[in-house]
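Beneath this line is the structure, given in structure tokens, with notes to follow.
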Amino acid sequence: MELVVKSVAAASVKTATLVLPVGENRKLGAVAKAVDQASEGAISAVLKRGDLAGKPGQTLLLQNLPGLKAERVLLVGSGKEEALGDRAWRKLVASVAGVLKGLNGTDAVLALDDIAVSNRDAHYGKYRLLAETLLDGEYVFDRFKSQKAEPRALKKVTLLADKAGQAEVERAVKHASAIASGMAFTRDLGNLPPNLCHPSFLAEQAKELGKAHKALKVEVLDEKKIKDLGMGAFYAVGQGSDQPPRLIMLNYQGGKKADKPFVLVGKGITFDTGGISLKPGAGMDEMKYDMCGAASVFGTLRAVLELQLPINLVCLLACAENMPSGGATRPGDIVTTMSGQTVEILNTDAEGRLVLCDTLTYAERFKPQAVIDIATLTGACIVALGSHTSGLMGNNDDLVGQLLDAGKRADDRAWQLPLFDEYQEQLDSPFADMGNIGGPKAGTITAGCFLSRFAKAYNWAHMDIAGTAWVSGGKDKGATGRPVPLLTQYLLDRAGA
């Protein structure tokens, strides 16, 4: 779908469908009133019959109104005069998109300037959410269906904005398009089956991306290099699988050479059986989504490349497959990490932190401004925060605050959890420097505490996306593309874009 921005009178546009808001009690805003006058009062006459009350998301389709060049007019309820919240605004836009998808029109014009959204400016903020909602709603994953989805008739949507705000709406659409592109790539990777999407496949995806962008350098460390670097924890996770582990580095140079980079670290467990600490069979198919941290880093990088942000960014994807076999790691094994610290592996199903800890040590060599790791790390995070909010921890309050703010602005929220010293004691081991689990209490926090021991050399934050990376079961099952909006917003803010 192509999104364009124009500043013209709604009553004069030639289109298959013109979309106008109607407030509660059938109240028309300035734009809708002008269109109503051009149609000789046809819109207000229909409203007087009571066919549309104006509640948020309600729709009414009108055909062939006099005095207009639009073939159809779609009225959408915008509620009371008070500003809509983010959720209500997204629902309204999704409602409009649902109607438009059912029509044969190839284009539509949205004249929604009269709607206010709380805590969003009238141009960039409001239309950024609108554009992301429209574009993300276009996503379809039918690669393995013998019968593909029918191509949608709607190819172009024009957003009408006043002249004063046109440039800001265009900027919003530009950013939203890049974010939606990154989210779609993230969702594609997450939804792929694990027999195809393994560590070597992700490495090939990185190389293809590197070939397409001169500012991007790609390096892949194989299992021998991982072992030679002393990454004993990382290596241990993949040693039970026929698919060897890979540490994938993508280095984007968009800023000045002397600028310190931001580093994103993604957990890329392409399938997680739990290893010898085997998971229950029910729902195990969804463990293909255990690489969604790495997928979201990939997607964020795609957005950054599309926007050509003037920053330096290093993406590290820690990829492995966690399988049981005669060569797999056993509960009770002790490994030495790249940092020199030793870990007793008490549970092989707590493997994400093992690939991440060595990758966090590896990140030191880039002398980063900040390091953010993203991982589907703990089921405990789903218990604590559900599927709406990502968990967030870190060793620097400014960094954590910037990420929380980015989440609010991108409508991709996170919530901070503590890393108090008292929790560290739960990781004590009688045989090694630490265990890889901290017992049944505060599982998300103790996982963060574990990682914090390998991130002391820089400002660091950890995002647990176990509850937000995918939707389980049902017709909507699949990867969500989160937290690409949050991460991209954070980098947009750092770039001043």
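Glycine is treated like the rest: Cβ placed from N, Cα and C.
These come from Swiss-Prot:
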type     : residues                       : note
BINDING  : Lys267, Asp272, Asp290, Glu351 : Mn(2+) 2 binding site
BINDING  : Asp272, Asp349, Glu351         : Mn(2+) 1 binding site
ACT_SITE : Lys279                         : active site
ACT_SITE : Arg353                         : active site
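Feature map: Swiss-Prot annotations on the structure.
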residue	record	Cβ contacts under 8 Å, 6 or more apart
Lys267	Mn(2+) 2 binding site	Asp290, Met291, Gly293, Ala294, Ala318, Gly352, Val355, Leu356, Asp373, Ile374, Ala375, Thr376, Leu377
Asp272	Mn(2+) 2 binding site	Lys279, Met287, Asp290, Glu321, Asn322, Asp349, Glu351, Gly352
Arg353	active site	Ala375, Leu377, Asn436, Ala447, Phe450, Leu451
- Excluding Asp272, Asp349, Glu351, please set out which residues of the same chain place their CB within 8 Å of the center of the CB atoms of the Mn(2+) 1 site, keeping sequence order. Val237, Ile269, Thr273, Gly274, Gly275, Ser277, Lys279, Met287, Asp290, Asn322, Thr348, Ala350, Gly352
- 10 Å Cβ neighbour count around Asp349 (Mn(2+) 1 binding site)? 19
- Within 8 Å of the Cβ centre of Lys267, Asp272, Asp290, Glu351, which other residues of the chain have their Cβ, at the recorded Mn(2+) 2 site? Val237, Gly268, Ile269, Met287, Met291, Ala320, Asn322, Gly352, Val355, Ala375, Thr376
- Cβ atoms other than its own within 10 Å of the Cβ of Asp290 (Mn(2+) 2 binding site), all chains, total 28
- Query: What does DSSP assign Asp272 (Mn(2+) 2 binding site), in three states?
  - Reply: strand
- Item | Glu351 (Mn(2+) 2 binding site), number of other Cβ atoms within 10 Å | 29
